[in-house]
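Asks: These came from Swiss-Prot, pasted as-is:
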BINDING   His146, His150, His156  Zn(2+) binding site
BINDING   Val216, Asn219, Phe221, Glu223, Glu226, Asp229  Ca(2+) 1 binding site
BINDING   Asp280, Met281, Asp283, Asp294, Arg295  Ca(2+) 2 binding site
DISULFID  Cys121-Cys201  disulfide bond
DISULFID  Cys161-Cys185  disulfide bond
DISULFID  Cys217-Cys246  disulfide bond
DISULFID  Cys228-Cys241  disulfide bond
DISULFID  Cys230-Cys236  disulfide bond
DISULFID  Cys240-Cys263  disulfide bond
DISULFID  Cys254-Cys260  disulfide bond
DISULFID  Cys259-Cys285  disulfide bond
DISULFID  Cys303-Cys315  disulfide bond
DISULFID  Cys337-Cys383  disulfide bond
DISULFID  Cys350-Cys360  disulfide bond
DISULFID  Cys403-Cys414  disulfide bond
DOMAIN    214-299  domain 'Disintegrin'
CARBOHYD  Asn312  N-linked glycosylation site
Amino acid sequence: EQQRYLNAKKYVKLVLVADYIMYLKYGRSLTTLRTRMYDIVNIINLIFQRMNIHVALVGLEIWSNRDKIIVQSSADVTLDLFAKWRETDLLKRKSHDNAQLLTGINFNGPTAGLAYLSGICKPMYSAGIVQDHNKVHHLVAIAMAHEMGHNLGMDHDKDTCTCGARSCVMAGTLSCEPSYLFSDCSRREHRAFLIKDMPQCILEKPLRTDVVSPPVCGNYFVEVGEECDCGFSATCRDTCCDAATCKLRQGAQCAEGLCCDQCRFKGAGTECRAAKDECDMADLCTGRSAECTDRFQRNGQPCQNNNGYCYNGTCPIMRDQCIALFGPNAAVSQDACFQFNLQGNHYGYCRKEQNTKIACEPQDVKCGRLYCFPSSPATKNPCNIHYSPNDEDKGMVLPGTKCADGKACSNGRCVDVNTPY
């Protein structure tokens, strides 16, 4: 499973924000500023392409009336304020994985940008800020790719790190001869971060209609108006796709997809994806599309010897969740531990409504925080939890988990499996 995760194409759904100073700097012209922002994202996408990551601009916001935070020359303070605004405002109205602020302010010292290390997919920390420090947009793009690199688990390069160029993307200082290349150290650090954190949000491919930037033929992502995209003509190896137009070649029905073979749709009924487990189903081609639609068993079907119920193709049970949090010997705690979820305190609750934690009702205690007993000699506490203020949802009982006979968790409540949940 780890290898499958590492090999999977990743997608960073980005929202780029420009502050009021940027709006003034570019002559109060939204068109000029938007064009600069699009150009920056195109370069960032080019840089991350080598890491098997596609950066898709799903939101662009220009603060043309006034700033929504107090942008100041202290980069630390500005990053903190921007990240809080992202969590409390932007995330609530726009689904995305990462937000970057492009500012016209001059940060103190030599700082050109700042971001949280390994923050991707975390509501509070998937953010960065970058100073528009140069007229040449590709130099600003490299600085933003550097900050996103931090979000994706990469630290600054040491002297021993190499990428085959004079300077690599994660170099600690800005170079007058920058490159679009990540060093061997960056690649190792990014891989180690993916293995450790396994961030899930970047696995989800954005819809072509989610992308707000103008389509770019040659960026390996099929956008509105395109039928295929195999990169630039010089590097395209796809015989089904015309790289110059991003249209299918004459006679081709498709260029990619699990139900596409040699530019033609596979026949109806051809298996395109085997069932992963008892809650999954083998997926079949329709003969009319290149897509392999994911099907799974109905929610509520018993699984794992009646210890759980199928939920969206998985079988979530508490023991597996304890093992994921505390290691292979972990077990679910006694029922008494789950009574802490009646308190409605910072960790013991069932759900959040408008950022307020709601205590569990007695019948719902198994749908709040998960309590585990890690079977190690050093552990005396029978009611262990995983709680981090950075990611409060981690360590909660997963949706669809069996909470009683014939019942499963849904939005912090223990509901009948036969009702839609």
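Cβ from N, Cα, C; glycine included.
What does the local environment look like for each feature on the list?
Replies: If you draw a 10 Å sphere around the CB of His146 (Zn(2+) binding site), it holds 27 other CB atoms from the protein chains shown. His146 (Zn(2+) binding site) falls within a helical segment according to DSSP.
All chains included, 18 other C-beta atoms sit within 10 angstroms of the C-beta of Glu226 (Ca(2+) 1 binding site). In the three-state DSSP assignment, the secondary structure recorded for Glu226 (Ca(2+) 1 binding site) is coil.
For Asp283 (Ca(2+) 2 binding site), the same-chain residues that are 6 or more apart in sequence and have a Cβ closer than 8 Å to its Cβ are Leu258, Glu271, Cys272, Arg273, Cys292, Thr293, Asp294, Arg295. DSSP assigns Asp283 (Ca(2+) 2 binding site) to a strand in the three-state reduction.
Annotation for Cys121 (disulfide bond): same-chain Cβ neighbours under 8 Å, separated by at least 6 residues, are Asp97, Asp197, Pro199, Gln200, Cys201, Ile202.
Remark: Cys185 (disulfide bond) has Met154, Asp155, Asp157, Lys158, Thr160, Cys161, Met170 as non-local neighbours, by Cβ distance under 8 Å and separation of at least 6 in sequence.
The Cβ of Cys217 (disulfide bond) lies under 8 Å from the Cβ of Glu226, Asp229, Ala243, Ala244, Thr245, Cys246, each of these being in the same chain and 6 or more residues away along the sequence.
Under the three-state DSSP scheme, Cys236 (disulfide bond) falls in the coil class.
Sequence-distant contacts of Cys240 (disulfide bond), defined as residues of its own chain at least six apart whose C-beta falls under 8 angstroms from its C-beta, comprise Cys228, Leu248, Arg249, Ala252, Cys254, Ala255, Glu256, Cys260, Gln262, Cys263.
For Cys254 (disulfide bond), the Cβ neighbour count at a 10 Å cut-off comes to 21, with all displayed protein chains included.
A simple way to gauge crowding: the CB of Cys315 (disulfide bond) has 22 other CB atoms within 10 angstroms, across all the protein chains here. According to its DSSP assignment, Cys315 (disulfide bond) is coil.
In sequence order, Ser333, Ala336, Cys337, Phe340, Tyr371, Phe373 are the residues of the chain that are 6 or more apart from Cys383 (disulfide bond) and have a CB within less than 8 Å of its CB.
In this structure, Cys360 (disulfide bond) belongs to neither helix nor strand by DSSP; it is coil. The number of other CB atoms found within 10 A of the CB of Cys360 (disulfide bond), across every protein chain shown, is 25.
Around Cys414 (disulfide bond), a 10 Å sphere centred on its CB holds 22 further CB atoms from the protein chains shown. Reduced to three states, the DSSP call for Cys414 (disulfide bond) is strand.
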Asks: In the domain 'Disintegrin' (214-299), how many residues does DSSP put in helix, strand and coil?
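Replies: Once the DSSP states are binned, the domain 'Disintegrin' (214-299) shows 0 helix, 15 strand, 71 coil.
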Asks: Tell me the Cα distance separating Asn219 (Ca(2+) 1 binding site) from Cys236 (disulfide bond), rounded to the nearest angstrom.
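Replies: Cα to Cα, Cys236 (disulfide bond) and Asn219 (Ca(2+) 1 binding site) are separated by 11 Å.
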Asks: I need the nearest neighbour of Cys350 (disulfide bond) among the recorded positions Asn219, Cys259, Cys414, using C-alpha distances.
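Replies: With Cα distances computed to Cys350 (disulfide bond), the winner among Asn219, Cys259, Cys414 is Cys414.
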Asks: Based on Cα distances to Cys315 (disulfide bond), point out the closest of the recorded positions Asn219, Glu223, Met281, Cys285.
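Replies: So, spelling it out, the nearest of the recorded positions is Met281.
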Asks: Same chain only, sequence gap of 6 or more: which residues have a CB within under 8 Å of the CB of Asn219 (Ca(2+) 1 binding site)?
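Replies: In sequence order, Asn42, Asn45, Leu46, Gln49, His54, Asp229, Gly231 meet the Cβ cut-off.
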